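So that you can see what the record holds, here are the features copied from TrEMBL:
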DOMAIN    5-113  domain 'Tetrahydrofolate dehydrogenase/cyclohydrolase catalytic'
DOMAIN    127-266  domain 'Tetrahydrofolate dehydrogenase/cyclohydrolase NAD(P)-binding'
BINDING   Gly153, Phe154, Ser155, Ile218  NADP(+) binding site
Amino acid sequence: MVQLLDGKRTAADWAKRLQGRFKGVGRLAAVTVGDDPASRLYLEKKAAMAKGLGAGFVLYWLPVSVGTRAVKQKIAQLNRDRRVAGIIVQLPLPKRLDSAEIVNVIAPSKDVDGLTDANISSGGMLPATAVGIIELVRRYKLELRRKQIVLLGFSRLLNVPLALYLSGQGNSITILQKGTRDHSCLRQADVIVSAVGSPKLIRGKDVKPGAIIIDAGIARVGKSVVGDVDRNSVDKRAGWLTPVPGGVGPMTVIALFANLLTAAKTTSQS
């Protein structure tokens, strides 16, 4: 029977360890465009976490009609603001905006989401989701070295930087694009990380016995939030699994503030 990697409990423990460490630390600035319900929910969680940790958090809401240039100008202003230690752009942005161009305006030293080309290419700040996954696995004393790892979904937010990090740990990495039908390589994978958002994408027949499965997919089925894994069939095959909800999500939020501490320390040293 599969064992669960409890992200909710692990995130709460991590938050306790970080409390009291934000005194004198610059604030986290979040830039959002429009009023997407999912984005609003994520921002509310980040604001609540900041309050619980005693961290500064300021939301800059821009109207849905705003152009790319205006968003870039706001970020440039925050880059110059010494009160700001970290900057995030809440994704997704409206499709007419150039997300990559906007994100790359963030100063690498303040890029606590680790999404700028500078951070990805240099192996600098890792995205919060990747940091959260690595910490969750570490807390359960599971190894991410010299493994066969398959990443499902070619995501700038997670799998691209995670692949670069994991390959540096001596792992063999395979990335499957969204829509790939041949899942035969999953049967040889010691670790599977999926971030597609497709319910029941990963089934028990595709999984190596004892595999570690990190389910970072999010989708809605009726009123329920589900991941990419078919729990009923995978439960009897996998060794470890992150539940959805309660797995990767809570770890991502607290990891963002761990990154904020790292950014603030780096800035003060420079």
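Glycine too: its Cβ is placed from the backbone N, Cα and C atoms.
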Q: Using the structure shown, find which entry in Gly153, Ser155 (the binding-site residues) has the sparsest Cβ neighbourhood within 10 Å.
A: Ser155
Q: Across all the protein chains here, work out how many other Cβ atoms are within 10 Å of the Cβ of Phe154 (NADP(+) binding site).
A: 16
Q: Would you mind checking how many other C-beta atoms are within 10 angstroms of the C-beta on Ile218 (NADP(+) binding site)?
A: 18
Q. So what's the mean pLDDT when you look at the domain 'Tetrahydrofolate dehydrogenase/cyclohydrolase catalytic' (5-113)?
A. 96
**Q.** Composition by DSSP (helix, strand, coil) of residues within the domain 'Tetrahydrofolate dehydrogenase/cyclohydrolase catalytic' (5-113)
**A.** 50 helix, 20 strand, 39 coil
